[in-house]
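A.B. asks: The domain 'GH10' annotation in TrEMBL covers 1-141. Annotation source TrEMBL lists active site, nucleophile at GLU62.
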Amino acid sequence: EGMNKKSEQVYQLVAGMRTRGVPIDGVGLQFHWNLGGHDPLDDVASNMNRLAALGLEVHITELDIKCVPQGSSQPCTPNLLNSQAQLYAAILATCLAAPNCKSFETWGFTDRHTWIGTATAPLPFDVGYKPKPAVDAMINLMLSNYSV
């Protein structure tokens, strides 16, 4: 979730709660994105940073990226899968760069059981449970940032 009306309302809500002494430790962020239309990643980082300034953890609790729009007859091509992979890795990198980002979870793992419909191919593994380019992109990002 980047900087938008909804995230501003959540920010104001949790800031007010913190001011009143309400015990709140973190906020879950949901990303149900399309390849062609989503929040800028700089806005996502800014949102995480302002929540960190309140002393809050952030958790990416739901992430899926539609390879093609819902209801589209367009196939999810190799080029689109590569774009999807880059975006998955970029969101993971944004989380890794934010000290208060404590978890990164996709909203399922296989296109076979996605809530959106298999034609959108939104998850890291295909309907046959085979890894898509997003898996390699995220693994490579982790390997380049952390030694094993």
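Every residue, even glycine, has its Cβ placed from backbone N, Cα and C.
Bear in mind that TrEMBL entries carry predicted annotations, made automatically and left uncurated.
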A.B. asks: Under 8 Å between C-beta atoms and at least six apart in sequence, can you list the same-chain neighbours of GLU62 (active site, nucleophile), or say none if there are none?
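C.D. replies: Residues satisfying the criterion: GLY28, GLN30, PHE31, HIS32, GLU105, THR106, TRP107.
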A.B. asks: In the domain 'GH10' (1-141), how many residues does DSSP assign to helix, to strand and to coil?
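C.D. replies: So the counts come to 63 helix, 26 strand, 52 coil.
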A.B. asks: Quick one: mean pLDDT on the domain 'GH10' (1-141)?
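C.D. replies: PLDDT averaged over the stretch: 94.
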